[in-house]
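A.B. asks: The structure follows.
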């Protein structure tokens, strides 16, 4: 193969590999393996050491061993399930090989006197130790080769065997010399080059390579770099656009503060200043605002909104659910209507006439502020001069949804907010398209919620505690989490809890809110709870974000072992919003798994959202932690964002150097690792 042709061959379809026909091409593509080069970067998940031949005299049940010996007996048993029992000896002892379903062509090979190599797991049989269907080769033929390196095992699905993987990768490795190393002389000198590292990981002859091995680290760093560069490319494409300059004298903000019964915290003032500086520029703001539950992100959003409105531009604020959108709308009405500002509301449950009138007011410029759900970026909704988009609970939306809403304006500024904090090193990769601001202090008067963990068997004791709190005029949340992703079972569990509470606490008004209710029904129940007419609110996790009822000071979460740390922390944040001391009780049903026990321990001992987020990331891993929408391009083949945190710290400086010195390498690295998963023209 000529060099240039081989180099191009790495970019060819996997169909170029020996033995890969149309059916296998489809299976490989389902695993996101499209090119020969992709197969090279499909790394082993584990290894077996088959290089050493074990003496049969030393074998023990439960071991995995390679043996080499002579076939001394072959028994063909036809009674019941047809099988072959082959006895092999190496002079020190004997071993029986048990085989089923042997093809005719293979049966002829199993002859007394032939030499046989086998690898498999040993187990006790009727006649001593045996292997059932081991991997084997006849050792008395010229083509026999005993393994001279560790045997790799590859992640697999779609019915692809390990033998197929090893054959394809051996083929791809013949092209390794044509693989360019774009990071040569830019990495620690003790690390191998790209080609050397790949060969070592596929054909390791010494130690079993762990994720801490320099070869693994070399590839993990390049993958992290590719993801960082891809998201950064999106950001840079947005920075080249002109955005409206939203300068204001702060007159609306000062009038707003005059009506506010409290003052912003220093952390809020710092973040507001960062946002206002962004808004005053002619390039589009792309900023992520992270803040713990109850840290005051909504007030910061109000400050940004007033800056945009005073500058003469429209503002759109999007929430992931109607119940949260309704809460935001009510809050902004309370804050802004005294200033003479109308707050629009656009959600799917509103009547077609109201939605049409709201859309017409936005298009005509008669309405400057609208709060809603995904309805905001549907067809038929246009803005006269959209200057600022605010997205609450950012982790619920993907890049595509953000982009659709941004397209409603010429190039509006973007502020995304989340109470699900992401550790800084992770944010540098996940949100390389966004500047990050953090509200790192709670408003004065907010005290940590006392958190107790108790088994469900102590429910009678809990009812007594609830009775005492109700007599003191308090309100209570009772949360029933989703059961097996079934809304019907969820509803049944919630209704059963309502019946139990009504029986245990006669005369107490108990409300119910669940996922199968219409938005108007949910809003009615929430209004009754906020007014105090409903004393206990039984709910599913639909109340986990944004709901604000200062009179609620006790949160009880049933089956707390089913929920993740982020959900538990979000739910706990619904109490402790008034002046009184608040509590959260986590009810669990034993036995607990190790991870569930650890989650409940963290909740009992920790109130800091960033510490909880870090632990959540450790327990769940980056993919599950971020979710499919938010993870986006972070479907890592080699790297692990948590494990490779030290590598993440190296990425920004390396990316900066590459962008300045070798822009072509940037494109090639991103293409190598992400293929067609990134649309470089998109703005994050």
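Here the Cβ of each residue, glycine as well, is placed from N, Cα and C on the backbone.
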A.B. asks: Could you check which of 392-395, 396-399, 400-403 is flagged in Swiss-Prot as motif 'DEAH box'?
C.D. replies: 392-395
A.B. asks: Around residue 293 (ATP binding site), which residues of its chain at least 6 apart sit with Cβ under 8 Å of its Cβ?
C.D. replies: 419, 569, 570, 572, 573, 609
A.B. asks: In the region 'Wedge domain' (51-148), how many residues does DSSP assign to helix, to strand and to coil?
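C.D. replies: Computed counts for the region 'Wedge domain' (51-148) are 7 helix, 48 strand, 43 coil.
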A.B. asks: Considering the binding-site residues 291, 294, 296, which residue's Cβ sits among the greatest number of other Cβ atoms within 10 Å?
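C.D. replies: Compared across 291, 294, 296, the most Cβ atoms within 10 Å surround 291.
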A.B. asks: Starting from the ATP site formed by 291, 292, 293, 294, 295, 296, 297, 298, give every other residue of that chain whose CB sits within 8 Å of the mean position of their CB atoms, in sequence order.
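C.D. replies: My list of surrounding residues reads 419, 439, 442.
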A.B. asks: Using DSSP reduced to three states, classify residue 295 (ATP binding site) as helix, strand or coil.
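C.D. replies: In the DSSP reduction, residue 295 (ATP binding site) maps to coil.
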A.B. asks: Looking only at 295, 298, the binding-site residues on record, which one has the least crowded Cβ, with the fewest other Cβ atoms within 10 Å?
C.D. replies: 298
